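Novice: My questions all concern the structure below.
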């Protein structure tokens, strides 16, 4: 096999950049929704929040507390959907709030709990696409009072139930055909909506992907370690990584590699320094990229006991709820085809609601945001 002439790194960057410009935006992308319903003895009506995220940016939020309800679009590109679209979405998400209230009561019955405590229902669902628009993965998870309740497995055909109460829900969902409805949505309208939202966003703002960053620790002989600061999956390619000690840049002591294409339209880079063992916390890595709202400062963090994946998700969702209650923003799926199929979506929504509401208290346990999605029917029924 003949070896060709090596391609310069700068040329690889130019080729990758030109390829990325033909896409909606380089890298993988996600559309995620979160629902939260909270009941407390001190409030007459449960607090209900629905939030939608495109990648890591919130674009829509619904907040219902008592008799008041607010619906906020928080990204300029969302307005391209038109007033009729969002009026319909407001109606849907308002209806979902009632389903959550009913499910909070149903869960009290399932677990034989009193009305005097505080209880929370959460749902998170969404989908992700890769560089070329193919579905990467989809998911749906439900939780009650913190722990997992039921979660859709990776095959999108079966559920994992956490306890006997969740087993009842799983059985009724399977009998009602709900599993197939969710899989169809996640593989179709969710992905289609994600791609359309990305295209709308591209029309109103320059495409940037902020770097995913972390610091790794590599022991060396004679009491030294190498600290390597990584920046991954960022776009465009221009980025600056520096190491500092006590606020002073270590220009001469930093090993810096050339920015490299990652193969999916994004880029990667790292910078490393050799430091004395035990002095790692004195060194900071600084990352500058136009996709970041402000420069990042990182240190090497000693490893801690890792949590199981779903526990991590629960912790993240819990943190998002607190942020939502305190500052009006919560954290991180769905969307719909281009074209005039709004009526079809509304019909599908009504059909699924009727199909799944087997019990008056049957619909929606969740923190899976549906705000702003005509393609998604009602919130997933937690119990039925």
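Using the three backbone atoms N, Cα and C, a Cβ is placed for every residue, glycine included.
Straight out of Swiss-Prot:
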SIGNAL    1-26  signal peptide
TOPO_DOM  27-314  topological domain 'Extracellular'
CARBOHYD  63  N-linked glycosylation site
CARBOHYD  112  N-linked glycosylation site
CARBOHYD  116  N-linked glycosylation site
DOMAIN    211-299  domain 'Ig-like C1-type'
CARBOHYD  309  N-linked glycosylation site
TRANSMEM  315-334  transmembrane segment
COMPBIAS  354-364  compositional bias 'Basic and acidic residues'
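I'm curious about the neighbourhood of these features; can you describe it?
Specialist: Secondary structure at residue 112 (N-linked glycosylation site), taken from DSSP and collapsed to helix, strand or coil, is coil. For residue 112 (N-linked glycosylation site), no same-chain residue 6+ apart in sequence has a C-beta under 8 angstroms from its C-beta.
For residue 116 (N-linked glycosylation site), the same-chain residues 6+ apart in sequence whose C-beta sits under 8 angstroms from its C-beta are 41.
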Novice: Reduce the DSSP letter at residue 63 (N-linked glycosylation site) to three states and note it down.
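Specialist: Once the DSSP labels are grouped into three classes, residue 63 (N-linked glycosylation site) ends up as strand.
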Novice: Near the Cβ of residue 63 (N-linked glycosylation site), how many other Cβ atoms are there if near means within 10 Å?
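Specialist: For residue 63 (N-linked glycosylation site), the 10 Å Cβ neighbour count is 21.
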